[in-house]
Amino acid sequence: MTAAAPIAGNAPARSRGIGALLAGRRESAPALVILAVLLIVDLWLNRAWMLPGSWGTVIGLAGPTMAAAIASMPAIMAGRGGIDVSIGPLMGFINIILVKVLAGDMGIDQPWVLVPVALAIGALVGLFNGLLSAVLRIQPIVATLGTYLVLSGVTLTLLPAPEGAAPAWLKALAGPYSIVPLAGMATVWLLAKRLTVYDWLMACGSDDRACFTAGIPVTGVRVFAYTLGGLFAGAGGLLLSALLGSADPNVGPTFTLVAISGVALGGVSLAGGRGGFAAAALGAAVIFLLQSTLTYFNVSSFLLHTLYGVILVASVSLNALTGRVAGGPR
Amino acid sequence: MPSEPALRVEGVSLAHNTPGLDERVHAGEIVGLAGLDGHGQDAFLETLAGLRAPVAGRILVRSGSAGYVEIDDFRHATRLGIAYLARDRRANGIFPSLSILDNFSMVTLGRDRRFGLISPRARRERFERYRERLSIVAPGGNKPITALSGGNQQKVLLARWLAREPRILLLNDPTRGVDQRTRETLYQAFRDLARQEGMALVVLSSELEEIFRLCDRLLVFREQGVVASFSGADMNSSTVIAAMFGRVA
């Protein structure tokens, strides 16, 4: 029996300040340190970043990476090997639909059409992935790899080479208004956190068998996780279109690997049940800063991919190690 | 004892070619289940909870308006007022990476809703009530459940189900790996639930001492069926052990 237990009747104390931010976020600590270091380096290299006027652009540059990581997070958190590798191609597909098909071919470029379309496509594809992996119980990595291939194939069929121009309001999402989609995603997440389904999501990631004896509708919760991820990928598609300013069939798929590395680096457990919006966004921000630092020093983009792989393996190992050292569960 | 039982077991077979069981559990009664491991008492309790479909027969629960309702599955059973505290809390009970509060509220999440959103404050207040009632020794609701001792983890799991205010409580070896003092608290809690709140309890235990102290009635299982039923003075270690090993008429 553990002895160090204070007297009953002691109201549950809440740690405040920095302690509260980091409470239960031991896994995010390494990413936070790296973020601080890289931020200092980058601000020194690109002194223009310090001007408030350029913050929108910087966030716009980081936006697609961050959105991709945040979109990958719910499926991973739901546990049992949940993962959605189709997030990257999905963002690319949405980019083509918005800029090439709707704005280019059909001449529809109003925000109240394009934004709902982007979110709806994202949520629908997410739902489809959820049905494949949670209801039909196909291994998530295989099911979503199928979606990955289908989406990238369709994207290249619709548009073999980059072309087109995004409407001006959309481009502004990579400039002065780049915070809007990210803030929207954060709001959705904060609302979801106050719903029953969020606790169920954490429970599913924590322990399958305990879910069974607590009567949690595991399948429904997992479908929800993929759908929410898809919705976030919809916002990611908007940010990607904004940043590119055109329709490009080739960039989407590259975000999958970046996103998963970012999620792992931010401290989201790939086994599920640990992490969240802030962790995913943090990991993606670190990856983005690393990218821009290395680009500044003219490091080859091929080497960048090697780096993502190293980050992925290193952060997963680190997570496992800190868990073991702290005597945490499994 | 009221004439209308809270739970009716009608012709339930736990395996093929075994005779069907008929049992009744009344409100305010504590029924014990015993037997050598694997002789059906575990399967019987899981069947009562709807976690396992019986080979034959049905389980009926008295439900206020609708008379008796047959249970379909576990979720349906919990809606009808059955609570099941699983065996082996490490594997089947706790969510190791979640906080004490989250572990407590997992089956009653909807009750903390204020204007559609879950209020952390309502959840804390609700936990406080059960913490006092079961004298749970916990450093604070936001700490991980794994920071608690085994006995206190078990109390949190009991609180999780009591928060649903069930009418039938099924306990699968509830004091395994729990220290003596916590056991006494749990026994007292179980007795109060039955005597004062009129809950019907079915307790599976691998310790006869526990059954003698708690139960009004004991069913002994052997080869997937009930071989003997004891109550009062007939219920002592020699008769029960003899029944467990199949040495009774």
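Numbers run from 1 along the shown chain.
Glycine too: its Cβ is placed from the backbone N, Cα and C atoms.
Any TrEMBL annotation is an automated prediction that lacks curation.
Annotation comment: TrEMBL describes A:31-49 (among others) as transmembrane segment.
Sequence annotations record features per position, and here TrEMBL assigns transmembrane segment to A:55-78 (among others).
Using a Cβ-Cβ cut-off under 8 Å and counting only residues 6 or more beyond its ends in the same chain, the transmembrane segment (A:90-108) has close neighbours at 64, 67-68, 71, 114, 117-118, 121-122, 125-126, 147, 151-152, 154-155, 158-159, 163-167, 170, 230, 233-234, 236-238, 240-241, 244, 246-253, 255. Sequence annotations record features per position, and here TrEMBL assigns transmembrane segment to A:90-108 (among others).
What TrEMBL lists as transmembrane segment is A:114-134 (among others).
Here the transmembrane segment (A:141-161) has long-range neighbours at 75, 81, 83-86, 88-90, 92-93, 96-97, 100-101, 125, 128-129, 132-133, 247, 249, 252-253, 256, meaning same-chain residues at least 6 beyond its ends whose C-beta is under 8 angstroms from one of its own. Sequence annotations record features per position, and here TrEMBL assigns transmembrane segment to A:141-161 (among others).
The feature transmembrane segment is assigned by TrEMBL to A:173-192 (among others). A Cβ distance under 8 Å defines the sequence-distant neighbours of the transmembrane segment (A:173-192), meaning residues of its chain 6+ beyond its ends; these are 56-57, 59-61, 63, 66-67, 70, 198, 228, 231-232, 235, 238-239, 241-243, 245, 276-277, 281.
Positions annotated as transmembrane segment by TrEMBL: A:223-245 (among others). Tertiary proximity for the transmembrane segment (A:223-245) is limited to same-chain residues at least six positions away from its ends with a CB under 8 Å from its CB atoms, namely 60-61, 63-64, 67-68, 70-75, 77-78, 82, 84, 87, 90-95, 98-99, 114-115, 118-127, 129-131, 133-135, 162, 165-166, 170-175, 178, 181-182, 184-185, 188, 192, 197, 201, 204, 251-252, 255.
Outside the transmembrane segment (A:251-270), and at least 6 residues removed from its termini, the chain residues within Cβ reach (under 8 Å) are 25-31, 34, 64-66, 68-69, 71-73, 76-77, 83, 85-93, 95, 148, 151-152, 155, 205, 236, 240, 244, 276, 278-284, 286-287, 305, 308-309, 311-312, 315-316, 319. Residues annotated as transmembrane segment in TrEMBL: A:251-270 (among others).
Per TrEMBL, transmembrane segment is recorded for A:277-296 (among others). Through the fold, the transmembrane segment (A:277-296) approaches residues 25, 27-28, 31-32, 34-35, 38-39, 41-42, 45-46, 61-62, 65-66, 68-70, 72-73, 182, 185-186, 189-190, 258-259, 261-268, 303-304, 307-308, 311, 315 of its own chain, all at least 6 residues removed from its boundaries and within a Cβ separation under 8 Å.
The feature transmembrane segment is assigned by TrEMBL to A:302-321 (among others).
Outside the transmembrane segment (A:302-321), and at least 6 residues removed from its termini, the chain residues within Cβ reach (under 8 Å) are 27, 30-31, 257-258, 260-261, 264-265, 267, 269-270, 283, 287, 290-291, 294.
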